[in-house]
Amino acid sequence: MGLSDGEWQLVLNVWGKVEADLAGHGQDILIRLFKGHPETLEKFDKFKHLKTEADMKASEDLKKHGITVLTALGAILKKKGHHDAELKPLAQSHATKHKIPIKYLEFISEAIIHVLHSRHPAEFGADAQGAMNKALELFRKDIAAKYKELGFHG
């Protein structure tokens, strides 16, 4: 399941593009998530009222949350699989407070892959997509293990 050094490099190369515009990428990813899986919107009291893509694009709260999500994910990706310290508080909040099912993390992973490919087709070809998929799968597997430790089977 681990990634090679080359695969991590592909992940981090495209992540540099994400970090250059966290707000834009985060907004696009969350909009893609909410449009593709409207049930995920119900987990966000702040966003439940956002019914259209125009509403979502106009929401400063959604933009801020996108920055929060991608900042946390970036910190995890930069650890190249050695992310236990970063994962623990994230798993704690997502399992006990927000009760976010692992399935929803799969949905946002799909949204991330889609948005990165649409925004950076040259830098996010098949090899980079494969590497990012592996990195996100590793993240989900490890957070699922933390969920289990916390007694959450979402």
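Each Cβ is built from the backbone N, Cα and C atoms, and glycine gets one as well.
These numbers come from a predicted model, not from an experiment.
What Swiss-Prot lists as O2 binding site is His65, and the listing cites similarity to another entry. Close to His65 (O2 binding site) in the fold, though at least 6 residues off in sequence, lie Gly26, Leu30, Phe44, Lys46, Phe47, each with a CB less than 8 Å from its CB.
Among the features that Swiss-Prot reports, nitrite binding site is placed at His65.
DSSP assigns His94 (heme b binding site) to a helix in the three-state reduction. Counting every protein chain shown, 22 other Cβ atoms lie within 10 Å of the Cβ of His94 (heme b binding site). Annotated heme b binding site per Swiss-Prot: His94, in sequence order.
The average per-residue pLDDT of the prediction over the domain 'Globin' (2-148) is 96, rounded to a whole number. The annotation domain 'Globin' is assigned in Swiss-Prot to 2-148.
The annotation phosphoserine is assigned in Swiss-Prot to Ser4 on the grounds of similarity to another entry. In the three-state DSSP classification, Ser4 (phosphoserine) falls within coil.
Under DSSP, Thr68 (phosphothreonine) is assigned to a helix (H, G or I) in the three-state scheme. Cβ-based neighbour count (10 Å, all protein chains) for Thr68 (phosphothreonine) stands at 12. Sequence annotations record features per position, and here Swiss-Prot assigns phosphothreonine to Thr68 based on similarity to another entry.
Separating the Cα atoms of Thr68 (phosphothreonine) and His94 (heme b binding site) is a whole-number distance of 14 Å.
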